[in-house]
Amino acid sequence: MDPTLSTAAFASLERMINSALNYDPASQQRLRQLGNKTLQVCCQSPTITAFVVLEEGQVQLRQHFEGTIDCQLKGSAMAIAQLGLSGQHSLANSGVQVFGSTGLLVDLQSIASDLDIDWEEPLSQLMGDIAGPSLAGLIRKGFGFWRERESAVWQRSGEALSEELHATPHPFELDDFHQAVDNLRDGSARLEAKATKLKQSLDAAIIAAKQGNQPE
Amino acid sequence: MSEHKQDQETTHFGYETVNKGEKAGRVADVFHSVAAKYDLMNDVMSGGVHRLWKRFTIELSGVRKGQKVLDIAGGTGDLTLKFSRLVGPEGQVILADINDSMLKVGRDKLIDKGVAGNVQVSQADAQYLPFADNTFDCITIAFGLRNVTDKDLALRSMLRVLKPGGRLLVLEFSKPANPLLEKAYDAYSFAFLPTMGRLITNDADSYRYLAESIRMHPDQDTLKDMMANAGFAACEYHNMTGGIVALHKGIKP
């Protein structure tokens with residue numbers, strides 16, 4: 001791709017992200033608390049490499065970066081976009097590989113999902129002190145309604161699948177299963193440690209016995 | 001006078017052949033004339049795309065905090081402004097230009113934008129840079145090399161003041177890769193540019209010189225060879241906007 005086009009795309013996206021952050025001081029503050037960090041996104045189909053550089057609460061999007069990379073994401077564009085939009089924290093079956101600090105990724109995902117833009121300021125600047133806040137109120141209500149509906153749809157679909165159709169296990173059953181797996185893992189780790197200790201004691205006893213039987 | 005000697009003592013000023021001693025003065029007249037409205041004309045002529053070319057140059061510079069950068073032919077200070085933020089208070093950026101009118105505009109613009117402390121302004125000829133050997137981590141020359149009388153001499157001078165491992169970035173108009181684009185670009189350059197120059201700066205000749213000087217400038221591969229001949233290693237270039245502009249990069253070994 002011609003660098004002019006890719007640079008234009010990066011510059012526009014960067015401007016959009018930073019404008020959004022300017023109207024959500026809480027998210028900007030959380031980003032500032034992360035410090036100066038860099039996330040490399042290696043998109044494999046199509047092949048695009050992007051660097052998300054965090055500096056003083058601002059986001060820079062670059063095509064080239066020569067400093068230290070804190071976290072690297074690899075996957076197809078679709079998989080990376082799904083990971084970013086779904087808000088899921090598990091990478092299992094996501095088709096995305098992560099190298100380096102996964103904490104940075106979780107923090108960025110959390111900031112993105114909690115982004116709450118204060119529309120009043122930009123709209124007031126654009127439309128005046130009466131129409132601006134009214135429209136901002138409508139937008140806020142619209143977003144709130146949409147989020148509530150979305151959350152309700154997910155919750156009711158889940159309930160229908162697990163309780164009515166019995167097609168999937170209930171989240172509580174899944175939690176119990178995870179707990180059981182964790183207990184089994186801990187138990188086998190303890191057993192392995194005990195077996196190792198027993199083997200070491202046995203080896204030491206055999207060596208001592210051999211030394212005791214040797215003629216002087 | 002032999003023909004060879006005559007060749008050595010003349011150079012191009014747009015499509016004209018002039019004595020080497022004469023070119024610097026005529027280029028200076030062009031920039032004295034356009035300095036006040038240089039930024040406006042850049043935006044009009046390129047439709048703002050020159051900002052993207054410069055952004056890409058900054059990205060490829062790899063400049064970090066604490067480094068020393070020389071922005072040759074820096075004119076109105078677009079690159080210097082970005083570099084001053086990248087190098088931070090512990091770094092240093094020198095805005096250099098042979099033309100005092102351009103420097104005045106650049107210095108005022110930087111002061112207006114609150115840039116001070118890590119930027120110095122120097123009136124300097126790219127062919128004879130007044131800096132010690134191995135001084136800079138990065139040198140940029142954006143839309144300036146084609147106006148230099150002896151480009152090889154300028155490249156050697158840049159090599160001298162770069163630190164080993166330092167990089168030179170040359171952002172310059174070049175040759176479009178597509179013949180159709182080249183034809184459209186020619187029509188645009190020779191019809192639209194002088195007209196806009198006359199309307200905005202009341203100076204059509206300077207923008208006719210701009211169009212002509214771009215055609216006389218070495219193409220991508222020739223400039224790459226010139227950089228390699230001057231002593232730069234790992235020379236490469238990136239075509240931008242279909243080759244209308246190219247960014248050349250070289251490293252001092």
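Cβ coordinates are placed from backbone N, Cα and C, and glycine is handled just like the others.
What TrEMBL annotates here:
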BINDING   B:Thr76, B:Asp97, B:Asp125, B:Ala126  S-adenosyl-L-methionine binding site
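All features noted in TrEMBL, drawn onto the structure.
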| residue | record | Cβ within 10 Å |
| --- | --- | --- |
| B:Thr76 | S-adenosyl-L-methionine binding site | 23 |
| B:Asp97 | S-adenosyl-L-methionine binding site | 28 |
| B:Asp125 | S-adenosyl-L-methionine binding site | 17 |
| B:Ala126 | S-adenosyl-L-methionine binding site | 25 |
On the Cα atoms of B:Thr76, B:Asp97, B:Asp125, B:Ala126, which are listed as binding S-adenosyl-L-methionine, what is the maximum pairwise distance in Å?
-> 16
Let me know the DSSP-derived helix, strand or coil state of B:Asp97 (S-adenosyl-L-methionine binding site), please.
-> strand
Tell me whether B:Thr76 (S-adenosyl-L-methionine binding site) sits in a helix, a strand or coil according to DSSP.
-> coil
